[in-house]
Amino acid sequence: MNIKLITVGKLKEKYLTEGIAEYTKRLSRFCKVQVVELIDEKTPENASEAQNNQIMAREGERIQAKIGSRDYVIVLAIEGKQFPSEEFSQKLEAIAVNGYSDITFIIGGSLGLSKAIKQRANLKMSFGLLTLPHQLMRLVLIEQIYRAFMIQQGSPYHK
């Protein structure tokens with residue numbers, strides 16, 4: 001299985017980079033992980049809704065260019081479905097059983113994701129109503145992917 005994380009914005013914080021590297025290393029037993037960082041658009045102060053939509057559309061075009069035609073796409077969106085860890089693990093397993101070998105997770109920039117990217121998604125997923133920096137969300141997501149594989153293995157990691 002191949003897991004791709006497409007993210008908008010550059011990760012600068014060393015502690016987050018180290019955490020993501022650790023979970024990527026742990027996941028290498030189960031899958032290949034690729035992190036794709038895309039440039040985020042500069043948002044003017046007091047930007048209008050139209051300007052925000054244009055920014056999300058431009059970011060969306062860059063995201064779309066990195067999605068494979070046969071990828072199962074999961075976007076992180078506040079309006080998405082929330083999963084307990086066990087159910088998320090089952091969902092990833094079901095995706096693989098249904099013939100998808102490439103799963104792409106997408107984390108948008110500070111404005112979120114364009115409508116086009118949300119429409120391309122096979123699944124919209126949410127980690128709740130909290131607002132988190134998208135850089136921190138990368139670490140949370142990759143830890144949950146690792147946890148999902150450990151649940152599938154019956155590992156005590158999840159306990």
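Note that Cβ sites are derived from N, Cα and C of the backbone, with glycine treated the same way.
Taken from Swiss-Prot, the feature S-adenosyl-L-methionine binding site applies to Leu76, Gly108, Phe127, Gly128, Leu129, Leu130, Thr131, Leu132, supported by sequence analysis.
Recorded features from Swiss-Prot, shown on the structure.
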| residue | record | DSSP class |
| --- | --- | --- |
| Leu76 | S-adenosyl-L-methionine binding site | strand |
| Gly108 | S-adenosyl-L-methionine binding site | coil |
| Phe127 | S-adenosyl-L-methionine binding site | coil |
| Leu132 | S-adenosyl-L-methionine binding site | coil |
Q: Could you tally the C-beta atoms, other than its own, that fall within 10 angstroms of the C-beta of Leu130 (S-adenosyl-L-methionine binding site)?
A: 8
(Q) Please identify which of Leu76, Phe127, Gly128, Leu129, Leu132 has the densest Cβ environment, defined as other Cβ atoms within 10 Å, among these binding-site residues. (A) Leu76
Q: Report the largest Cα to Cα distance, in Å and rounded to a whole number, among the residues Leu76, Gly108, Phe127, Gly128, Leu129, Leu130, Thr131, Leu132 that the record lists as binding S-adenosyl-L-methionine.
A: 16
**Q.** CB contacts for Thr131 (S-adenosyl-L-methionine binding site) [other CB atoms within 10 A, all chains]
**A.** 8
Q.
Sequence gap of 6 or more, Cβ distance under 8 Å: name the residues on the same chain that satisfy this around Gly108 (S-adenosyl-L-methionine binding site), in order along the sequence.
A. Val8, Met56, Glu59, Ile63, Val75, Leu76, Ala77, Ile117, His134
